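Taken from TrEMBL, the feature domain 'EF-hand' applies to 39-74, 78-109. Annotated Ca(2+) 1 binding site per TrEMBL: D52, D54, S56, F58, E63, in sequence order. What TrEMBL records for D91, D93, D95, E102 is Ca(2+) 2 binding site.
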Amino acid sequence: MAFKGMLKDEDIAAALQHCAAADSFNHKAFFAKVGLAGKSNDDVKKAFYVIDQDKSGFIEEDELKLFLQNFSASARALTDAETKAFLADGDKDGDGMIGVDEFAAMIKG
């Protein structure tokens with residue numbers, strides 16, 4: 001698992017269970033439950049680069065759709081509505097992507 005040693009398995013499982021139903025994902029609640037909200041800036045940046053699957057330096061909409069699968073391969077994909085809401089909250093500069101600083105601001109904010 002990509003988050004081994006950074007996040008607790010039981011926290012990941014609880015966070016994924018909390019948003020198992022379609023349209024129940026709330027990124028702020030997820031970040032808190034999974035334990036990312038309390039992590040150092042370095043750990044938050046490491047998490048960003050795990051989620052940035054194509055290593056472009058940005059998290060795009062297609063990567064957000066599969067966000068939960070970074071935590072568990074068996075997790076569901078986000079719905080289109082969840083993905084769009086997640087992107088809209090994180091994309092502060094309006095470029096259609098979430099950069100590392102925007103991601104850190106979402107987690108810490």
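Backbone N, Cα and C define each Cβ position, glycine as well.
Listed in sequence order, the residues I51, Q53, K55, G57, I59, E60, M97 complete the 8 Å Cβ shell around the Ca(2+) 1 site centroid, once D52, D54, S56, F58, E63 themselves are left out.
Listed binding-site residues: E63, D91, D95. The one with the lowest count of other Cβ atoms within 10 Å of its Cβ is D95.
Neighbour counts of Cβ atoms within 10 Å were taken for the binding-site residues D52, D54; the minimum is at D54. Counting same-chain residues at least six beyond the ends of the domain 'EF-hand' (39-74), those with a Cβ under 8 angstroms from any Cβ of the stretch are 1-3, 6-7, 12-13, 15-16, 19, 25, 80, 83-84, 86-87, 90, 95-100, 103-104, 107-108. You'll find the Cα of D93 (Ca(2+) 2 binding site) roughly 12 Å from the Cα of F58 (Ca(2+) 1 binding site). Between the alpha carbons (Cα) of D54 (Ca(2+) 1 binding site) and E102 (Ca(2+) 2 binding site) lies a span of roughly 18 Å.
Comparing Cα positions, E102 (Ca(2+) 2 binding site) lies closest to F58 out of the binding-site residues D52, S56, F58, E63. Taking the Cα of D95 (Ca(2+) 2 binding site) as the reference point, the closest of the binding-site residues D52, S56, F58, E63 is F58.
Put simply, D91 (Ca(2+) 2 binding site) is 14 Å from D52 (Ca(2+) 1 binding site) when counted between their Cα atoms. The two recorded residues F58 (Ca(2+) 1 binding site) and D91 (Ca(2+) 2 binding site) have their Cα atoms spaced 10 Å from each other.
Taking the binding-site residues D93, E102 in turn, the residue surrounded by the fewest other Cβ atoms inside 10 Å of its Cβ turns out to be D93.
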